[in-house]
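Taking it in order: structure first as structure tokens, then the write-up.
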């Protein structure tokens, strides 16, 4: 990779630098072959076609940067059109390990195994990957989805049942010897959410494809390698700073997650954004149900409501910590067409929601940008996406650098009880309780004559007297 000045990338890293693939007869990564290898929409996710097993079974796999397991439907389900049958694959090997994964919406239970996969529009060759076959699920496969599994692209810290399960992308890096970087473009700006057609997109494995972005790439450090956790410094609505403590934006984490459809904001930030949008917009009275997602707003199909709403900007810390840059989305990205009523009305939803535990940069924002997950250099990059246009005009912007003199030197809480840590703490507490219980049982079983009886002649210091009186 050839970095330009600061943390902007002006050249085309990986485009022609001889990134060799051992299994690729051409000797180089062909990023153009991966362009437009995704289909989907912002309401139901973007998916990649994959061939699994021997002989190959074709499935569509949801691309999710907010989880770390590769899992596919393993039994028939009323909401999926296809599933992977491991009994029909001669290369499938069951590990006999049950795995359970819970998401912000939905969950599933499956069995861990391995099999070979190939990607018709991905890397050349086949690779042996850990695969969970989903046997039971709840609110995971939903009516109308066109995908049959999920491709978790986050770090192994989130993998279930433990971080020892090698993730899909780690397996590719090891077996295909590709650079530890991938990039993602989702092209749904201004198109109907969950429409009958499918939008395009690109998942580039091993590098960056220059045709998928314009201008510079701006990078922000990954704060911790579990989710793609970043540091947000401030938000602006219509150019006006929300004036919140920057730690509010990172409570308790801020992540980049392609598997989340909306821009999700911590409750305090969400309330401030809604208030600012309502104050700035040209609509005097607006139903509260629109902001909470329970109601749609409808206009005549000849009208475009986007001119009534302000621009939303998110400031991220630059790799040079004394600087920041901002990514901005126009209302065409967060006021989203979803339903046509009759011949005249087009109805829209609010593409932002509240969250109890994170700020999540989901599809609402990601559809405006080409996003680079540079795991090798522990950073996430953003560049303007050429497909982020509505009626021929761009609906996203990147600007910088800006000084960070007006924000704290660290906006991320130093104390963060992440899920793996919580599991360790839970096991430690269970073990401690077990030991205490065992001691109590032993004490109850000790014959009375073996117990020491204190007399007036016992000499005790202050510390032991506390123990003595406590036991009495």
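Backbone N, Cα and C atoms are what each Cβ position is placed from, and that goes for glycine too.
Looking at 421-446, 447-472, the stretch flagged in TrEMBL as transmembrane segment turns out to be 421-446. For the recorded positions 64, 187, 246, a Cα-Cα cutoff of 10 angstroms around residue 257 (active site) retains 64. Put simply, residue 64 (active site) is 27 Å from residue 246 (disulfide bond) when counted between their Cα atoms. Listed in sequence order, 341, 345, 346, 347, 348 are the same-chain residues at least 6 apart in sequence whose CB falls under 8 Å from the CB of residue 298 (disulfide bond).
Using CA atoms as reference points, the recorded positions 64, 187, 320, 387 were checked against residue 411 (disulfide bond), and the closest is 320. Considering only the recorded positions 187, 320, 387, residue 64 (active site) has 187 as its nearest partner by CA-CA distance. For the disulfide-bonded residues 347, 387, the greatest number of Cβ atoms within 10 Å around a candidate Cβ is found at 387.
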